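Copied over from TrEMBL:
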TRANSMEM  B:15-36  transmembrane segment
TRANSMEM  B:56-76  transmembrane segment
TRANSMEM  B:82-101  transmembrane segment
TRANSMEM  B:145-162  transmembrane segment
TRANSMEM  B:183-203  transmembrane segment
TRANSMEM  B:209-226  transmembrane segment
TRANSMEM  B:233-254  transmembrane segment
TRANSMEM  B:327-348  transmembrane segment
TRANSMEM  B:360-387  transmembrane segment
TRANSMEM  B:393-414  transmembrane segment
């Protein structure tokens, strides 16, 4: 003990004070400030998205239409890249030095420490070559994902395609999509996107200070599994589809076949089509641009987007609605002197003289005169003003699925056109118009527009004798094969079943007795159908054939459009006939030479014409053919109205 | 019985201190294990790893401790000058034949181990200081004794600075507590010392001229307050002049004497520089490790910062990160309590010694341990600049563990003889 003993307390006091300072600091770091835990997790955690497999799509017989194929993305973490053989890497993934530098700069701009995409969608073959050398490229690694693959390269417009999400998609999805995700951009891929896409999983991986993977965080406690997208069962019959696409090769047009009893679409062809595999992979961008610039518009979904004047099929609808309205019955006879006189000097010509014509014969012969009378009765003889009678009639037309979208499960469907009476009232300047003002409507010309899908649907209604189901392409969703409720609803066309028989009889005779369609007749099957020709002021008329078969318990209703093909019986008829026979009997009995003629025909517009013809065809066709009501009215009294319809070329046969 | 035990050899040993010492060694071992733990190769006990080697070091340290306890304490006193000279020679030798690790020529390779003479420098400096001051204990403290004592300390400091190992060199300055306790330095000195540190920090943070301006105002205020006595006015005036020169000197020293990396470390701790990926990486990761431990820590071997090598030097200088991350606030406070208990205990032991030698030596031990404790933990939590010195008994390393063990056990040996032998 000495005189400075008490300094012991000073020294101990300093020790305690410092210890308290340390404790206080620790209290701040460990208890008050939470950010460090976050930082520690950021250090060690790498959230890896596990992409779900997109739902596959099968045909009605469980054959694969779309499946998934593995591809690989090459990722790079710029900070880790050291002493690599750049030339070798460039050669392996087939890029040049410039491309390498650009990609590196982009990745570095994204983050020097985080992995970013260096090259996307590397094929399995390229990956196999790359993999051998991958260890030489520090900082590069590969992430696999899947892309769509189409084994039969068919049904492109039905399937649609997927593409990387854009900013708008991301915004609209409320953050569901992240940059680099894929989204259905058209077709079924788009309309069933939410079912097909599945649910992303998230894996929390740990890395060490050198960014080397170190296993799963917290034994996967916070991981979520990827849930594969629902599979879809399409109503398409893949074999029928392949056949239809082959038949439609080098032709512009559509084929739509519907199973009447369900509304399931068996065949959905828009021609020209494209190989859906072109919309996948690295060259997608170029292929897409090529197609956009293709004058034949392969991206245009003709069955639901092209609108044509209905032509002959409209007589079927007119006959049915007129019976239901009571203005005619099956025994009603009109005399056909070779045309319908609707004004003093105005005649709507029939190309032949049918004489006294009853309902069955009118359908069989596609008599214009008959339907001129029918239309006149509908509009003029119901004790109503023209516009009122017209609207009543229009209502009946709408029930046949005309003039509005049918609600198919594809985006971009158009509704065709059946103008309201106000359209004419406005055009004529007053309400005192009669059937003679727009008589061309009687035979499906004029302002009417119909899509191939609507036409096939009219056939389905006739086949069903009075009702239809909304045509659809997906008949089952997920493992339980759920059918959307809207597709099980039976929709009435508003005409009683008994009125269908004469019409069906007429259609049956047109095919089996008329002699006009020898190449259309199918041995052993009573097909009911009609040829039609849609006038096209820009060139060759469009060939149409619509039918259903067999007459009793119909299994298939079909509409075939071949643009610029001239007479319907030459092209559209045989195509429809072959498809129906193939579907019902799984054979084709049509003589080989006719088949070959069709397979080999090239009905694409001539190249020098393409600029104008293609552009206007067929989207703008309606606009050009449709005269304003005033124009029609002006010409109505002056001279005969020349109407081109299915019978125009009959004599040429 | 009690009396008998007290008089026996074992009974005279301070078992509490030994218990604390062993506890610290164990905590150290576990945390070194955690720090080098590789989850992919958990493996069994492996002598090639750091924790395997540390087991050997601890085992050897126990033997060394035992040997020290059975050696006559007078041996240490009589050999002190020789030991001092021997270590000084080693410190010279390391400059010639030493191995350069991380820019410091501080290690002499002996077989597979490396000896770090500077660790033993602290021990012998303590001993010689005690030895010398003991010889002067009959006189009242005077300037000459203080000067010679200071020289005893500064001589090894100079050699260590040549390595250059600034951290180890700084540790010698902790012996200032010894001079203070023995009356060579006044309370005023402590206050001035604290003031000097404060001014140092302020000078770096604030523009020097503004700082001097503030001091002018303060000085005038105090002069006004104490103007009755002329002496006060002169003192305050002198203090002002000294402060001003000091402030200007700080800036000069900071720019001219400190090396760039030292400047950076100071800048980072003062918040003048933010560079978590470069200069501040160690500190930032260290704070993340400790901070992420939160109240109870992530659990043994569960620290991701530790396990995946985000913190550099984590088994040596940054071992406290592992404690903070895996044992949390609770574990960290527990460790601090053990240290504090040990330090306070050593001071108490110091005061119960009958010999001046033992007391001075004990204060030396306390000072050095305290310095390491404060600076090491302080740097990991960002209250002092990063200075590379180990945490006694915890950090990995044979030299460090042995030298601290010897340091402590020699004290225990002196303590055990305080009753039986009386005056030496």
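Here the Cβ of each residue, glycine as well, is placed from N, Cα and C on the backbone.
Automated prediction, rather than curation, is the source of TrEMBL annotations.
Keep in mind the model is a prediction, meaning the values are calculated, not measured.
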When counting Cβ pairs under 8 Å to the transmembrane segment (B:393-414), the leader among B:15-36, B:82-101, B:183-203, B:209-226, B:233-254
B:15-36
Selected stretch (most C-beta pairs under 8 A with the transmembrane segment (B:209-226)) from B:56-76, B:82-101, B:183-203, B:233-254:
B:233-254
Taking B:15-36, B:56-76, B:82-101, B:233-254 as candidates, which has the most Cβ pairs under 8 Å with the transmembrane segment (B:183-203)?
B:233-254
Would you mind listing the long-range same-chain contacts of the transmembrane segment (B:15-36), meaning Cβ under 8 Å and 6+ residues beyond its ends?
49-51, 54-55, 58, 61, 65, 300-301, 303, 306-307, 314-315, 319, 322-323, 326, 335, 338-339, 341-342, 345-346, 349, 391-396, 401, 405, 408, 412
Counting only residues at least 6 beyond its ends, the same-chain positions whose CB falls under 8 A of a CB in the transmembrane segment (B:56-76) are 13, 18, 21, 25, 28-29, 47, 127, 397-398, 401-402, 405-406, 408-410, 412-414, 416-417, 421, 424
